[in-house]
Amino acid sequence: MLPHLPERRHTPPQILLPNNGVAQEEAELTWKEKEDQLERMEPKRIINMSVNDHVQLNKAEKAWKPSTNKSVCSSQPKKQEERDSEQTKDLLKKFRSILNKLTPQKFEKLMTQVQMLTIDTEERLKDVIDLTFEKAISEPAFSEIYAKMCSFLNGLKVQSKENPECQADFRKLLLNRCQKEFEKDKDINEEEKQRSVGNIKFVGELFKLQMIREVVMHDCIMKLLENHDDQSLEVLCKLLSTIGKDLDVKKQKHRVDQCFQQMEKIIKERKTSSRIRFMMQDVLDLRTNNWVPRRVIQGPKTIDQIREQAKMEEQMEGPHHLRPRPAQNQNAPRQDFWESRQRTRPY
């Protein structure tokens, strides 16, 4: 009988890997941690150098050299253009502010400020003329003061942009602007009509200040008479009311006579509206009355002139406490405040 032996259990063979824990630990490390670990393992080198020592660097045969930055060079003209544009905007802003403040009393003071402005290019000169022109035709009642300012700037000249050898003249550019507006094809609307009337009023004020020749004004009158439309005849009446006294002189009196003969003929034909015929008749009566208007046209005034006019009106009317009170109807029943109130409930 065999002795009882204990049962043997089968165990799988164990494979022993060298440094198994270290390999697993290295596999779990990130790239950055591995680089840090390698840096710690490498021995540190200590190099003693003096600040005063000159270190000679190695030079390569085909070393890279920085080329010229074309973008920087090309941006320099752009920066100059932007700078000029900003200066032009600032100039026009100041000039527009002067136009808004322009009055007979502040004229001399504001013209001193205009002299300090840098109007040194043809573009800036044209912009200044455009602002003045648009302001003058939009406010015909103040065209006299704007024409006076143009007379102050009459001698202003700058170098021409197209031809550097020539100069751009303020007067020539201004007259070209007025002529362009005068010869422009007009649409039949209220806005264009107001622009035409404002332009011809401004032109008349420039003629009175001897900035436009007499021959040019006679040509304008003949062109307006040839058109025979209501808008042209209205502009003609406005022009003759402005400069008729200065044109009706001995030298050119025969041309003025021809103009008025044609106006009388147009009135008799009755082909225009009644408003235009009455307007032309008023101009005929104005010449008959030696160009003295029946009603004084109110233009821009100084504060001193307004105070003087108010003082004269007060003297004519008398003191305030002595002025007669408006008459009241004594027969009308007196309405008391309490009686006039509407009753909300019965007593």
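In case you wondered, yes, glycine gets a Cβ from its N, Cα and C as well.
Quick look at what TrEMBL lists:
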- 60-88: region 'Disordered' (REGION)
- 66-77: compositional bias 'Polar residues' (COMPBIAS)
- 78-88: compositional bias 'Basic and acidic residues' (COMPBIAS)
- 92-290: domain 'MIF4G' (DOMAIN)
- 311-320: compositional bias 'Basic and acidic residues' (COMPBIAS)
- 311-347: region 'Disordered' (REGION)
- 336-347: compositional bias 'Basic and acidic residues' (COMPBIAS)
The domain 'MIF4G' (92-290): mean pLDDT?
90
How do the residues of the compositional bias 'Basic and acidic residues' (78-88) split into helix, strand and coil according to DSSP?
11 helix, 0 strand, 0 coil
